[in-house]
Amino acid sequence: MDQKLSELVEVLTTSGEPQLNPEKLKELKKICRSSDEHINHVYHLLMTQLNQEHAEIRLSAFQIVTELFARSHLFRTLLISNFQEFLELTVETDHEQPLPPPKEVAQKMKILAIKTVQEWHEKFGEAYKKLSLGYHFLKQNKKIDFQDVRSRTQAERKREEEKQRRLENIYKEKVKKATAEMEDMLEEIQSSLTEMENCFRLLLPDPREFAVFTDEKDFASDMRTKPTSQSPSHSKSTSQSSAYSKSTSQVSFDNDDEQPCCSKNLPPFPSSCTSSASGAERSLGEGAKESDKSARKSDTDDSDGDYEGSREAFLRDHGLGSHAYSLSLEISTDLKVNENENNTDVLNNLMDAHKLLKQKYWPAVQSWIQLFTKAGTNSESLKCAIDVKKEIEAALKKYKEMNIDCHTKERKVMTASDDDDDDDEFEEVPEKEGYEPHIPDHLREEYGLEPSASKQPGKKTEVKRPNVPQVPPSQKRINDELNPTCAAATMKTMKDKMAKALPGSSRNAGEPKSKCPKRETDLSQAPVAPCGLDLHHWGEEQPSAGKMLKFSSLHRFWAPNEVDEEVESKELEALVKTRYVTLPGKFEPVKHKCLAPMPNGSLCERQDRYKCPFHGKIVPRDAIGVPINAEDRAREAREKFEKQGEEQDWRDPELMREIEQATGVDLGSSKCPVKGKGKGVKRNLKKKYPNLTDLKQKANTSRSRLEKKVFNTGSVKRVISAMNQADKRRHEKFANQFNYALN
């Protein structure tokens, strides 16, 4: 029955489900109801499962504890006697022993445990003093708010407060740096905005800046006075207006020169005259006013008649039927600025300022606003940043609306053709007097040059036709090649030597093929053997064989060369004239196999001559791998017994697995050899509880994927080889320089 209880508890706690299996739980309750010993055994099994480092196992075990706590007095007594350990394993009262992963399941179990303890206190608190003490301990000492849904302890609150305080300090430092940066860059941003605005005004001036008439009444009165100046009755009004203007000018202006010259001869407007009249004119008598009114009335009637006549004459002269014409003009709203020689500099400055705003200042202002918003500061810095952002947006929008069409800037790169053109400029320069580019033959040796090929007897000059057409050298290059002190002369000499050596070698190599075809055939069929001095001088006298120079004095210059003596050595002569020929014998291939039994049940197929690197000395075996000789069988049995005796008794995989289940400590049972054949047993042991969350499995995050690629064995080897090559090149380059060697 105890075995049945253990199996039920293990199945229920390792299911990995959020809710227990009702049938299994009912069967467990039925067994516990039969005897108190079973309850005691179940209690120890559940406490063992609560000590497991897996939150899903603890949650299932806690659910079983809740079911049995409500139905058994003995189980309540056993649990309350060890209530402190129970709270540490479920409520996390000891912050040094946090709940195991997965984190979500652990948090769920903690909330459920606190609610359950509160229910137990309300139901059984009066009967069990330790339960009441545990409840007050959680409430008063651990500061657990049982009404709080999150059920945070005092340690959790303290951690949250420290985290929040740390974040606030970080944001304060960032805001301080951003404010200082904004103060430094604000002047530059305003300067760029002002520069863009000035460029906009230069490219598209405002029409209001060029308005001549500021009032429609002035424009209408000016248009009306123009035709009246042509009438015959204008002389009378002109004299009156001139007198009137003269009097007003004396009153309103101290000096007539202050009045603009373009407005001196214009007739004064009635509205302007009345508005600029002085106090002396206002004091005129009523009689003068009435006479002026009558005169003005007569002048007005005459001017109206003249205006009508001039209007009809204007229509007749211009071929117009009437003034009642309506013109509809279609004005294109699409704006486009084309680049020309007049606005190139302005556009360049505008584009530079636009690039600076868009690529540097715009991202900086956005980051400032984002930082100030996250920090929650409603200071002047945030308002200033928002205003600057609006100004930048307006400038960028205006630049986009202008639709600027700029020419593509082509960057001119100096090429070899440009250098040739520069060299061609010097071709027409006359040579200096007395300069002889040709070096005589008797002076060529003094300059380090070979004698000319044309003067050597018995040699015919060969005419070489290059495959690639060469560029005709310039006069400057020819002069450099003829000057023996220049590097060009040395290069030309080396090229000439190589050109002479190549045709000669090819010609000599081609002669045997045409002249001695039989010799070539014999050489191809002849065997090749290593050649020594004895074969090299076969059948010839070797005068220097076995002779050595003996120096009576080891000094470099005290003894003359004639004093050197030759000594014959018989040993050296014997070595030169002796030849050793090895006769290894006939090769016999290996026909036997190792045939030692393998762990997978097969036999070793290695064909070594004397010793197998895996199974030792090769001995004759039968078809199933058992040694034929009795001595070999006894030796293998003795070695196997000694190997088993070296292993410790407690390292039994099954015993280690049971200890790990009871204590929750990994003793390394998975690394021990498993009894049985094949790989199925090991696979089943690894997946003993497939429903539980695998804690060793890494989360599939971007960091883990990058780590898998970066720390891959092949990648690491490639990086190491590249670094070694770089160090090797650096060492080869600066090996003899102590300054670089110490770095």
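In case you wondered, yes, glycine gets a Cβ from its N, Cα and C as well.
Feature annotation from Swiss-Prot assigns region 'VHS-like' to 2-145. Residues or ranges marked as coiled coil in Swiss-Prot (evidence: sequence analysis): 147-199, 380-411. Residues or ranges marked as region 'Disordered' in Swiss-Prot: 221-310, 413-482, 500-525. Here Swiss-Prot flags 283-300, 429-447, 510-522 as compositional bias 'Basic and acidic residues'. Annotation comment: Swiss-Prot describes K432 as ubiquitin cross-link. Marked as zinc finger by Swiss-Prot: 591-618. If you look up Swiss-Prot, you'll see C594, C604, C612, H615 marked as Zn(2+) binding site.
Annotated features taken from Swiss-Prot, shown on the structure.
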residue : record              : DSSP class
C594    : Zn(2+) binding site : coil
C604    : Zn(2+) binding site : coil
C612    : Zn(2+) binding site : strand
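Within the same chain, residues at least six positions away from H615 (Zn(2+) binding site) with a Cβ under 8 Å of its Cβ are C594, A596, C604. Broken down with DSSP, the region 'VHS-like' (2-145) shows 107 helix, 0 strand, 37 coil. Around the Cβ of C612 (Zn(2+) binding site), 17 further Cβ atoms fall within 10 Å across all displayed protein chains. Comparing the binding-site residues C594, C604 on other C-beta atoms within 10 angstroms of each C-beta gives the minimum for C604. In sequence order, K593, L595, A596, R606, D608, F614, G616, I618 are the same-chain residues whose CB sits within 8 A of the CB centroid of C594, C604, C612, H615, the residues recorded for Zn(2+) being left out.
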